[in-house]
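Okay, structure first, notes after.
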């Protein structure tokens, strides 16, 4: 601590000797006293002295105070005093009034002391870890001074303290709990602590973001009233900026968490008369800056476009446009809103199209772009507002060829409103370009240059624009008018910078002529342009004019590099010779280098936004600096090239063009051949499908033909046999083989029914003896069995009747099938005979009369056969009807059989039930026998006479025989 003592010794107004001794005694009491009250009082006294005698207390007491924090954690009061004392030592907040003479020295000394004491405190990283652990205490007198002390440490030596907190376990998570504290003082100071913690540290920013900081901060902003809230809202917004600015990971997390949608209510400013307090203006300003952080041009393009898409989908862009077109909005909020809308629409086609459709609430309604351009070319508007409008117009046209075409079309003769009731964007730009305000000239020229940026079509379209300069004079082109104003120089009295108008026009002409040989030809067609440029470059002017000379050199270089040699008097080689004679190549290149060496060039090349402190600094445009960087080198090479090299380069260009044309030709041929190949492949696939279908059809037809051949051969063999009826009979039996199978199945079912019935009867007979023994108790089951026996007898009778009906039906079917087969064979024979008789073989040598007699005989036979076939057909029809009737009878019999089967199932169920009842009765009988036996034994023991069992059994048997005979007479044969 020698350096601290040196500082102390060098103080002009140090503490007195008695006060130093007092501090020393207090430190000794803190270190040596055994009573907690003594130590607490000593620390309280040090706290009261720490503000006035900061250096002495810091030197002597810091070590003892840290020891108190380590050992006396159980007493919150002494811990709070120690933390307050350390805060007073380290913090640079001066509450004491200082004399004016000593103010500067005191401030410098205070800052040095704060950083030096902070360095001593954090030299042991355990001290910071100890402080983090103390923040877990809920006691207000511990947590609040701890938060203030850690915030002061971060303000003094932020990076070092951040690193210690980063490596400590759960260090950042402990600090995040402060946002959930119900005491607003601690919560608000916790926000300030996190501001200092997250400043310029990406790792801590990510940890804080993933500790749900976005959700908590947005909740606090909503609770405090959004933009109408107090300074707490501003602190939360600044913390959100720290977390999101230049942190792609957190920006993506913010977008994926749907937090952009929660920003929309911030910009619901309400009525015009609701008032704009200073805090509300500040809050809205920071909110707009936060939106710009998410869509900044310095962010990765993919992240920016996704945020722009989300802002359009949730209605945030629409809300910003509402503020943009509202009345009564403060100027600084309106300016920042224009800048915010600019970056939300920059390079995103959907947002640019929406902005083009926004109308101002005027009568009649005007597009927002026109209203903004009116502010830009109005010299009475604030400078920052005009810069913001220019930036908005540039962002609207950035990578927006559709918008560029719409702006240029407002300048063309076919689209100009002849009535003059409405003002277009093109008319406003022309009015600003030729006004007497140099700033309006520059802004209009730069805005028009952005309408031509990387768009050769619009550069050519702009050549068609004609301007009426005065009554009676013919109109001149816009290009010619620009060169006329440029040549006049300082002759026109303008307000503002002397060179600003010429710089703006030269930037417009350079942008217009680059990559557009047609525009170069139009420019060179005016014979006064080249002499003016060479004269400007060759003169030795002051430092202010050097920039104009450099831009003239650039314009002349563009006229050489993009020259297509269509004008003989201004071909490339002639222009080079002109430069070499009048200017000199080295002098020309030196003047060309004045542009990039200008002090304002590097400033404009950093950011797309035209952000200038005053109009005098408004010289270069960001996109124009890119063009200079691109063309400066190629123009230098083009100037030093000889004519032979130019010829070679042109030949190479021509060969390359030819090569490109050949390549494109072959590419088109290949593309056409690919299309043809695709069509042929589709045709082949369809033909293959058709071929497969045809093959399947052929195979089916071949199989059918083979079947027909087999049938034909079979019929031929059958006709060749002596006894055709036998074959036909066998065929008929095969055709009608279905009926015998059904009959056989019915017979089998009848047999099964018979066997089941016999089994049931045998089971009933076995149980009859038991039923007769239990007549008294089993009267109802006996009657049930008799009814079931009678039902089964009726079923057997029905089955016998059905058997007889089936037998008769079978005989009828057999006889009818035999008759049908006979008739079919006879029919086939007759047809065969008719075919043989229809084609008689001619015998050589017979007379015509004999042939005629044979034909008449054959015709008679044919008529007779035809008559017989008709009769046979009628008989077959009658037989088929009879056969259908027989089938109906068979179906009826099948239904009756099904009914019988159901009744059989019911009988089986009844039998099983009766069996169960009989088993139960047997169990009861066994129990009764046991009881009777026991009763008999008791009677014997008592001496009563008991009959023997054999006598009883014989008597019982006689009774049973009599009952059986009676039952047999009643029932009859089964």
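In case you wondered, yes, glycine gets a Cβ from its N, Cα and C as well.
No curator has checked TrEMBL annotations; they are predicted automatically.
Per TrEMBL, the listed range annotated as coiled coil is 663-711 (candidates: 614-662, 663-711). Feature region 'Disordered', per TrEMBL, maps to range 776-798 of the set 776-798, 799-821, 822-844.
For the ranges 580-599, 720-739, 740-759, 860-879, the feature annotated in TrEMBL as region 'Disordered' maps to 720-739.
Secondary structure of the repeat 'ARM' (60-97) per DSSP (helix as H, G, I; strand as E, B; remaining residues coil): 27 helix, 0 strand, 11 coil. On the 0 to 100 pLDDT scale, the model's mean across the repeat 'ARM' (60-97) is 88.
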